Amino acid sequence: MMAATSFHQAIGTIQYSGCFRNSNLNQVNWNYSFQLISSGFKLDIALLRTGTYCSGKRSFSNIQASTSQSTVFDPVSSPSNGTKSDSKKKPSEAALILIRHGESMWNEKNLFTGCVDVPLTKKGVEEAIEAGKRISNIPIDMIYTSALIRAQMTAMLAMTEHRRKKVPIILHDESEQARAWSQIFSEDTNKQCIPVITAWQLNERMYGELQGLNKQETAERFGKEKVHEWRRSYDIPPPNGESLEMCAQRAVAYFKEQIEPQLQCGKNVMIAAHGNSLRSIIMYLDKLTSQEVISLELSTGIPMLYILKEGQFIRRGSPVAPTEASVYAYTKRLAQYRQRLDEMLQS
């Protein structure tokens, strides 16, 4: 959708910046601006999604029009002195937070859930809130969730505890009308929002004909060994379902194509997803073998922290509580972020 805007006086500067990667995987940062001063000048601009994005193919940020030369600046997320020279430096590191959703209503009933869209229980809600407390001092610029409500609820509830108090906003790309109707037209509001991108590729493993069946009854019907093989083998799927290998193919491909470039551009990312899709991503991050990943267990509602630094993912474990200093002292950048956050909230 295009928006035609007429200008009858000097209105200042439009700035457009971002980053992309060429075929040699070299990061290219760019920034340009131009001034609109002509009387009666008419400009057609695309209505872009809020926030800043970059992928292996392209990246863009929302166009910022103002009556001054200044750019939007976040005193917490940005470098401490906020100079232009700092903003052009290659990002030294980025944080990646992984959270398995809280307990769902079918988890509680011991049913195979898979891709059935089931909400959280009260316990699951509490787990999501507790997860939010654990990451409340870690910077988050973008959020990715699966297309399933239990992962989305977990992400949204966790963000209610973040001390930065930015609002997570789900981006709607399902149609041109959805994109147009969900536009935000306040620059100040945009600055206080975090884009949330939903992707079916991050969905739980599809359990086929097991979905909705009781796990205990299924073991009694087919035998414990067969059900264990369906659940814990790497390449054997349940009837008409996905194996972990099949789940990994879509989840890791999406991570590498859509999420990893954001981290390489310096964005701090949270992913709220599911046991098997997250196991798949961890297999890629930690370079696990197919035998190692099948024994990996992830607890519901417990965040895991990784740091991308110099092209390598470094696991930093799980924050125990928002007051645990050692978690945030793992890197100088996280410690500085927390210090600036403390100063901002105390002022």
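Each residue, glycine too, has its Cβ placed from N, Cα and C.
Residues annotated as substrate binding site in TrEMBL: 100-107, 113-114, ARG150, 204-207, LYS215, 231-232, 275-276. Annotated active site, tele-phosphohistidine intermediate per TrEMBL: HIS101, in sequence order. TrEMBL lists GLU204 with the feature active site, proton donor/acceptor. If you look up TrEMBL, you'll see HIS274 marked as site 'Transition state stabilizer'.
All features noted in TrEMBL, drawn onto the structure.
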{"residue": "ARG100", "record": "substrate binding site", "CB count, 10 Å": "27"}
{"residue": "HIS101", "record": "active site, tele-phosphohistidine intermediate", "CB count, 10 Å": "32"}
{"residue": "GLU103", "record": "substrate binding site", "CB count, 10 Å": "19"}
{"residue": "TRP106", "record": "substrate binding site", "CB count, 10 Å": "20"}
{"residue": "GLY114", "record": "substrate binding site", "CB count, 10 Å": "22"}
{"residue": "GLU204", "record": "active site, proton donor/acceptor", "CB count, 10 Å": "27"}
{"residue": "ARG205", "record": "substrate binding site", "CB count, 10 Å": "27"}
{"residue": "LYS215", "record": "substrate binding site", "CB count, 10 Å": "15"}
{"residue": "HIS274", "record": "site 'Transition state stabilizer'", "CB count, 10 Å": "28"}
{"residue": "GLY275", "record": "substrate binding site", "CB count, 10 Å": "19"}
Nearest recorded site to the residue listed as 'active site, tele-phosphohistidine intermediate' by CA-CA distance, among recorded positions GLY114, ARG205, HIS274: HIS274
C-alpha spacing of the residue listed as 'active site, proton donor/acceptor' relative to GLY275 (substrate binding site), in angstrom: 7
Cα distance (Å, whole number) from GLU204 (active site, proton donor/acceptor) to GLY114 (substrate binding site): 5
When distances run from the Cα of the residue listed as 'active site, proton donor/acceptor' to each of the recorded positions ARG100, GLU103, TRP106, LYS215, HIS274, the nearest one: HIS274
